[in-house]
Amino acid sequence: MSIAIIGAGIAGLSAARELADAGQSVQLFDKSRGSGGRMASKRSEAGSLDLGAQYFTARDRRFAAAVHHWQNLGWVAEWLPRLYQADQHGLSPSLDEQQRWIGTPRMSALTRGLLGELPATFGCRITEVFRGEQHWSLLDADGGSHGPFDQVVVATPAPQASTLLSSAPTLAAIAAGVLMEPTWAVALGFDEPLDSEVDGCFVKEGALSWFARNRSKPGREQALDTWALHASSAWSRRNLDLSKDQVAEQLRGAFAELIGCPVPAARFSLAHRWLYARPAQSHEWSALADTDLGLYACGDWCLSGRVEGAWLSGQEAARRLLDNL
Ligand code: FAD
Ligand code: NAI
């Protein structure tokens, strides 16, 4: 079987690994320059920055087993942050018993590990997935054509998946009905470490939803003291078209009000807009499939909207495909 997988985020790679391990021939396609999607790490003059997923939890038994395997391979490590929360009463410690994981030395190490030597074409945005008499073909944004393939797995965020699933109108309609919320993310780098105990902070109201100190995570060695700030969905939606400079300035201001120590001018600042950051609600589809056609869809939007959900969804797409061979 030759199987095309569109999207090399954690969902697509989860499916790809499972299928390759079962002896199938897979070919990944991704519009970005590398793997990882929303788990990618951005290279910058301040070092590698985790601007998307900050950490992940493992509540499902199968995912927890996979995480321990990755830990043994050195791809992930446990993060033990001094956690805080910020609410109407201000900033307060908010420790808990939850185990949290990160890719090491950067978030993208996990997806790079999963990718390994799997065949992948990057910088290739697939615009159309169509079925001929017996096989599938893919068209890309540069007019290139790829195929033939026996089966196709679409592993992109739902709004991008709906057009790629048009050969299976029922699946396309389900994906089209998923609302995904944006998130503005900002990285700030300071010459001198901020005089703060906070490693990570859940913000319960206002412009921000989260901020974290990069160097509190294992394996991050950076000259600057870099911080990741995430705006809330509501703020991101309201300010979707603000310029990057304005977003960086406004979120820096919100951060300075919360962190409880002097915040000097940042030496480094970068803003990134995630248009499809998270599904507005969780679903329980696991994965979508038209087994007669040989067309499958997976991604965080099929489950919990988290790294764990994305990985489980990829596993489920692969399982259904293999069951149908
Ligand atoms: P993606 O990672 O989005 O992968 C989809 C891939 O498809 C991308 O690489 C994209 O380039 C590619 N693609 C899209 N369209 C096409 C096309 N037409 N052709 C080719 N390729 C295409 N989760 C947690 O568990 N913990 C967190 O702390 C956390 N924080 C987050 C913070 C932010 C700011 C964001 C944005 C997300 C966060 N998440 C977090 C969510 C987590 O990152 C996602 O649930 C997970 O990474 C989704 O994986 P995925 O494979 O489903 O999708
Ligand atoms: P988790 O269990 O650490 O957090 C889940 C939620 O519980 C948090 O968002 C927070 O509101 C609350 N919480 C947890 N521990 C807390 C503590 N010690 N003090 C105060 N509040 C606490 O992780 P889980 O369930 O794996 O979720 C992943 C994280 O990823 C969440 O924080 C979620 O908001 C975030 N995420 C962000 C996205 C974005 O676009 N910004 C997209 C998807 C997930």
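Every residue gets a Cβ built from N, Cα and C, even glycine.
Computed from a predicted structure; not experimentally measured.
Look at TrEMBL and you will find ALA11, ASP30, LYS31, ARG38, GLN54, TYR55, ILE126, ASP300, VAL307 tagged as FAD binding site. The Cβ of GLN54 (FAD binding site) lies under 8 Å from the Cβ of ILE102, GLY200, TRP210, ALA212, ALA228, HIS230, each on the same chain and at least six residues away in sequence.
Feature annotation from TrEMBL assigns substrate binding site to TYR55, PHE56, THR57, ALA58, ARG59, THR183, ARG306. For THR183 (substrate binding site), applying a Cβ distance below 8 Å and a minimum sequence separation of six or more within one chain yields SER209, HIS230, ALA231, SER233, SER236, ARG273, TRP274, ALA277, ARG278.
The domain 'Amine oxidase' annotation in TrEMBL covers 107-322.
A 10 Å radius around the C-alpha of THR57 (substrate binding site) takes in none of the binding-site residues listed as ALA11, LYS31, ILE126.
Cβ neighbour count for THR57 (substrate binding site) (all protein chains, 10 Å cutoff from its Cβ): 15. DSSP assigns VAL307 (FAD binding site) to a helix in the three-state reduction.
Comparing ARG59 (substrate binding site) with VAL307 (FAD binding site), their Cα atoms are 11 Å apart once rounded. Checking the binding-site residues LYS31, TYR55, ARG306 against ligand 2, the ones whose Cβ sits under 6 Å from it are ARG306. Maximum C-alpha to C-alpha distance over the listed substrate-binding residues TYR55, PHE56, THR57, ALA58, ARG59, THR183, ARG306 is 24 Å.
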